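A.B. asks: Okay, handing you the structure first.
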């Protein structure tokens with residue numbers, strides 16, 4: 001008999017050998033005190049009475065031994081692109097035929113790569129998180145952050161797949177940004193956390209492009225958007241300091257001192273630096289004058305670009321204090337860093353750092369939405385597959401109406417969030433190719449913070465609900481499901497909490513003097529007019545109009561009130577914008593997912609605001625399931641193999 005040293009989830013072959021009785025599980029070996037590879041008669045004789053009993057148990061008939069072990073089929077997903085009918089339907093509806101033909105072939109290939117190579121790498125990243133070594137064996141300080149080979153391979157794949165390059169090459173004009181977002185959406189839940197450095201890399205490239213790619217940054221820009229793994233760079237975003245994160249105006253203490261050659265030296269402490277193993281970074285600092293004085297507040301902040309290491313691989317006058325011990329995203333190195341004269345280049349106008357880095361924040365917030373939607377889709381796909389396999393109370397889970405109803409409600413959430421994401425990247429693509437109207441640009445300004453705050457909340461709610469659909473197995477660490485849950489929890493925090501973004505929504509309304517809100521209402525109204533001719537959508541149109549009416553009344557009522565009233569309502573106001581616009585998007589679906597059943601209560605926009613997973617419940621009598629709704633839910637979730 002051989003000792004199995006691998007847990008069951010690491011080797012399917014091990015499971016088969018254990019079932020055949022040829023392997024002794026490693027945990028049993030530990031209990032028996034066996035240290036060698038083979039058991040011996042001498043070792044058996046030395047065992048205690050309890051150990052002998054355990055050995056005797058191993059000689060029981062195979063049927064009984066099988067009954068002692070949990071046997072459930074593992075939920076699996078195939079090609080994520082081919083299985084995502086909503087995604088394929090959206091692309092077919094919106095992309096020009098020639099573009100669709102090309103991207104379809106690439107996305108199908110990419111979907112196969114996710115299954116065969118990328119998903120296994122993702123699990124390796126989770127099992128082998130970064131390790132920090134501050135000193136070498138001889139006492140020399142090295143501050144080395146070691147990442148696993150799978151993490152480094154993720155970087156190569158990101159370059160080869162053009163996950164950043166696609167948006168800047170603009171092979172498909174205004175559709176290039178949407179195509180990039182789709183690939184990132186497919187990649188995100190299998191990326192092993194590498195989607196985070198990609199978000200900041202995309203943001204850094206966007207900032208440099210917005211500055212006109214000055215000559216001093218041309219080399220860096222080329223590296224950030226390269227498809228060559230040997231040339232590809234990732235970027236960090238070092239903004240958070242000891243006083244906090246979002247309040248950069250009052251929390252930034254880092255000082256920049258100008259050097260005779262025109263460069264700057266940065267001195268300060270960066271308390272939270274994601275992807276600390278990145279090649280370059282953007283960071284904010286205050287420029288000190290000849291007397292060491294500097295301007296406080298946001299007007300004193302300037303934006304700098306710096307290389308993390310020099311050509312020899314040595315840190316750029318940076319010391320790593322420690323790695324953060326985080327709840328989730330453990331695959332990625334997040335560190336506390338001391339800048340002790342780090343050489344940097346000023347890339348914004350002096351005192352205009354916040355304005356310059358805003359382009360980066362918009363991109364990283366959109367990436368946050370991508371991650372939220374991707375995690376929801378992943379959890380629901382696994383829940384759905386598990387329901388096809390798991391038997392409880394004499395029948396498959398998919399044959400229990402209440403279970404199907406629960407999955408259908410989650411499906412409503414992810415479909416709405418997906419359509420909101422696609423709308424944002426569509427607008428961004430128009431803006432980047434100078435094809436966006438003024439209304440498009442105003443709408444984009446509003447929808448980015450709205451979508452980020454709303455989907456961040458959705459993701460964690462859906463993850464918890466989906467985990468419950470697996471019963472006790474959902475709570476087991478080695479299933480990988482808790483990893484998804486932990487990683488989604490950061491989505492409502494990173495790049496601005498829900499409250500911070502709700503206030504940003506209010507700022508967008510104030511700065512535009514109402515133009516942003518006018519663009520929002522006009523866009524929704526146009527879609528309602530188009531949808532009003534469809535009988536099945538009449539209830540949805542009516543309820544959406546009522547919601548808009550309530551929104552108008554609220555804004556008129558608070559117009560004469562103090563600012564405090566609007567601030568207290570900021571969250572609910574932002575949630576309402578998200579739900580109304582998402583309902584508007586769902587009315588625009590032109591192709592059903594399964595015959596005509598997309599108009600069922602599970603998919604109809606009229607039920608969008610009535611789901612228990614919405615961050616804020618709607619105070620109305622709507623949202624109850626009518627007769628036969630459970631059967632329609634079953635058709636939605638399981639009625640078509642494409643769903």
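The backbone N, Cα and C atoms fix where each Cβ goes, glycine too.
Any TrEMBL annotation is an automated prediction that lacks curation.
So TrEMBL has the following annotated:
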DOMAIN    76-209  domain 'Adaptive response protein AidB N-terminal'
DOMAIN    237-340  domain 'Acyl-CoA oxidase/dehydrogenase middle'
DOMAIN    351-509  domain 'Acyl-CoA dehydrogenase/oxidase C-terminal'
DOMAIN    515-638  domain 'Acyl-CoA dehydrogenase 11-like C-terminal'
A.B. asks: Would you list the DSSP helix, strand and coil counts for the residues of the domain 'Adaptive response protein AidB N-terminal' (76-209)?
C.D. replies: 93 helix, 11 strand, 30 coil
A.B. asks: Could you tell me the mean pLDDT the prediction assigns to the domain 'Acyl-CoA oxidase/dehydrogenase middle' (237-340)?
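C.D. replies: PLDDT averaged over the stretch: 93.
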A.B. asks: When DSSP states are grouped into helix, strand and coil, how many residues of the domain 'Acyl-CoA oxidase/dehydrogenase middle' (237-340) land in each?
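C.D. replies: Computed counts for the domain 'Acyl-CoA oxidase/dehydrogenase middle' (237-340) are 7 helix, 48 strand, 49 coil.
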